[in-house]
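Asks: Take this structure first; my questions come after.
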Amino acid sequence: MSRSSPKILKQLSAAEREKFLNSFDVVFCDCDGVVWYTLRDFIPGSAQALAELQRRGKRLTFVTNNSISSVAEHLHKFAQQAQLHVLKVGRPLMCVSWFVSHYCWPAGTDCASGAGHLRSPAGDWLCWADLLPGDAVVQAAAARCWLPANAGGELVGSGLLTAIQPVSFGQPEGVIIRSLAELREAIFGGEPVAAVIIDVDFNLTATKLMRAHIQLQNPNCLFLAGAADALIPFGDRDIIGPGPFIDVVAQSTGRQPTVLGKPGEALRQLLRQHHAHIPANRVLFIGDSLASDIGFARASGYQTLLVLTGGSSEADLAKLPAGHAQMPDYVADCLGDLCAKPH
């Protein structure tokens, strides 16, 4: 399909709409700004549109950079819509913590086999759970990861912290450092770690960033990032996301992280592996961000639908030149346009 300009979903004829709906089998769908407003209710029409896709036999997988809310919290929100049937069977929702865990310990691998990416300085493998509440089986090894993040709702809720501790290295969380001796202990104290993972952190401090900088002097220490957004939605406004703090550590260490959230290349590979039997052109990716969703999906070979209820506006879309790498195939005012009757 030519992407010189997108097609407006609500302007399609009945025949064109049916052709579009028959052109994909799998739907990758963002949540915040697409299905519901961040920290708020479902966007009108979104639940009905998802139910219609399910009625047509489409396989839905929700792909979100949101590491603040757990999978359980997401599923509870979906459960409030009686017409939807989003269950945890078959991995219906992939969040940053799943991306990280699957990268470090691919599903179906044995901790002792060395199949994952994460090895401790002592040579022990750290096994990560393939996360969902209730099915997390964490096999802790001697290695530890350090998260200069709040670990996110999913990491906390899954039991993963039995293996991965956002440790304070001798300086208890919340304690103010008042001397150079305390600063030295906070930065240099404690044992080496196998990985530094940066994502959303509501309690980020300069000390944590300094500690991350020191740990990443070890070339064997992995540098991983979840979402790398400069801004993240918070209610009806944007706040600083993890991207600027990732950049601080990257600049100070001269290292670039493996980004496991959208639009990272590592995530693209994980999704391809997880859905290897599905041709890319039979996948529709629905998102609200030109950069994180549409650009990511286009580079993956997916069909794309931009909804104008979240991060990107009609004005943002109008600024793109014809054929731009972030130009979507289709545009909708909201997800509900999927099931709206043609004019």
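Residue numbers in this text run from 1 along the chain shown.
Keep in mind that glycine also has a Cβ here, set from the backbone N, Cα and C atoms.
From a predicted model like this one, the values you see are computed outputs, not experimental measurements.
According to TrEMBL, the protein carries these features:
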- Asp30: active site, nucleophile (ACT_SITE)
- Asp30, Asp32, Asp288: Mg(2+) binding site (BINDING)
- Asp32: active site, proton donor (ACT_SITE)
- Lys262: substrate binding site (BINDING)
Asks: Cα-Cα, whole number of Å: Asp32 (Mg(2+) binding site) versus Lys262 (substrate binding site)?
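Replies: Per the Cα atoms, Asp32 (Mg(2+) binding site) and Lys262 (substrate binding site) stand 13 Å apart.
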Asks: About how far apart, in whole Å, are the alpha carbons (Cα) of Lys262 (substrate binding site) and the residue listed as 'active site, nucleophile'?
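Replies: Cα-Cα distance, Lys262 (substrate binding site) to the residue listed as 'active site, nucleophile': 10 Å.
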Asks: If I take the alpha carbons of Asp288 (Mg(2+) binding site) and Asp30 (active site, nucleophile), what is the distance between them in whole Å?
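Replies: Spelling it out, the Cα of Asp288 (Mg(2+) binding site) and the Cα of Asp30 (active site, nucleophile) are 8 Å apart.
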Asks: Ten-angstrom check, please: count other Cβ atoms within 10 Å of the Cβ of Asp32 (Mg(2+) binding site), all chains counted.
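Replies: Around Asp32 (Mg(2+) binding site), other Cβ atoms within 10 Å: 23.
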Asks: Quiz question: given the binding-site residues Lys262, Asp288, which has the greatest number of C-beta atoms lying within 10 angstroms of its own C-beta?
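Replies: By the 10 Å Cβ neighbour count, Lys262 comes out on top.
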Asks: Does anything in the same chain, at least 6 positions from Asp30 (active site, nucleophile), have a Cβ under 8 Å from its Cβ, and if so what?
Replies: Phe62, Val63, Thr64, Ile286, Gly287, Asp288, Ser289, Asp293, Gly310
Asks: For the recorded Mg(2+) site formed by Asp30, Asp32, Asp288, which further same-chain residues have Cβ atoms within 8 Å of the site's Cβ center?
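Replies: Filtered neighbour residues, in order: Cys31, Gly33, Val34, Val35, Thr64, Gly287, Ser289, Asp293, Val307, Gly310, Gly311.
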